[in-house]
Amino acid sequence: MLVNNVFSLLCFPLLMSVVRCSTLSRQRRQFVFPDEEELCSNRFTEEGTCKNVLDCRILLQKNDYNLLKESICGFEGITPKVCCPKSSHVISSTQAPPETTTTERPPKQIPPNLPEVCGIHNTTTTRIIGGREAPIGAWPWMTAVYIKQGGIRSVQCGGALVTNRHVITASHCVVNSAGTDVMPADVFSVRLGEHNLYSTDDDSNPIDFAVTSVKHHEHFVLATYLNDIAILTLNDTVTFTDRIRPICLPYRKLRYDDLAMRKPFITGWGTTAFNGPSSAVLREVQLPIWEHEACRQAYEKDLNITNVYMCAGFADGGKDACQGDSGGPMMLPVKTGEFYLIGIVSFGKKCALPGFPGVYTKVTEFLDWIAEHMV
């Protein structure tokens, strides 16, 4: 009887719109961990899991058609999946606040040297299960940042190519150990198009560039990683190829969006465990972004998590950016497929420590600074 009621409420009235709903579902669920919970939220549910409607008794017991219909987050065949609340608290459709639309606000300032084409990646993969080796050439803006110390040149951080002359990385990657001064530009170099740091026969054909200018945020604080962003200017113009091209900056898209619960990608050559060995090959992982308040509470004994920070990771740990991933990109695709740089790997408690997400510099909070300094 329950099954029949559910189908009469949801499935049959929606058959005429199943194509539209399925398309929206794919857009929402395109980049997910199939082995992890599919997190979701809507105006009825602050935090939920996208699951088969028959498995969500909390919503079924409400006997509210509009609530069920507007909670749809996907389909299993023709059976709807709904955003099922993690707690028993869920408001009815008559109590829910009205849906709002946001008018796109014009950006205050846009760098004149942004590329016309950006964010085009080279993989058909739409999901990552845990951390894994990235396909060769999948992330063509990924940058290895080298530092020469004591005559030895080694990868210390990651970065993201954003124009044909500029790489964005973390401020803590470019300052001295005291965090007081920027290291000279000639100790830095970058490598584009790399896959395996220690192999020359992996078909990646990387290219090295010297760095002529290093600009870090003038109000960077090493103790709290506040304003953890820097721009490297390369000595020559980068010729874009299928394996080397820039990621988009969120000037016209994502700038004012609430990114909580979204699942961006992070890439790097960092260690796969705290104090463990570095990875020779580029690795990728996909992590959910935390609600700001949850992140603030997680770190409230350590520092004040303001709006310039963004947190991502699983509450039970297990997957995270790690040592050596610093400065690397947090990347989110838009509906048209282009990837945007929304975060910079900054810091965390060890690596994937339960209860403590990784912390990232929120790029949308620094777009005016980038426009001013990326010349």
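If you go along the chain as it appears here, the first residue is 1 and each next one adds 1.
A Cβ is built for glycine as well, from the same backbone N, Cα and C atoms used for every other residue.
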Gln30, Gln95, Gln323 - residue that Swiss-Prot labels as pyrrolidone carboxylic acid: Gln30
Cysteine from Cys311, Cys322 that Swiss-Prot links to Cys295 by a disulfide bond: Cys311
Ca(2+) site shell beyond Glu194, Asn196, Ser199, Asp202, criterion: Cβ within 8 Å of Cβ centroid: Ile136, His195, Leu197, Tyr198, Thr200, Asp201, Ser204, Pro206, Ala280, Val281
Rounded distance in angstrom between the Cα atoms of Asn235 (N-linked glycosylation site) and Asp202 (Ca(2+) binding site): 26
Cα-Cα distance linking Glu194 (Ca(2+) binding site) and Asn304 (N-linked glycosylation site), given in Å to the nearest integer: 36
Packing count at Asn235 (N-linked glycosylation site) (other Cβ atoms within 10 Å of its Cβ): 13
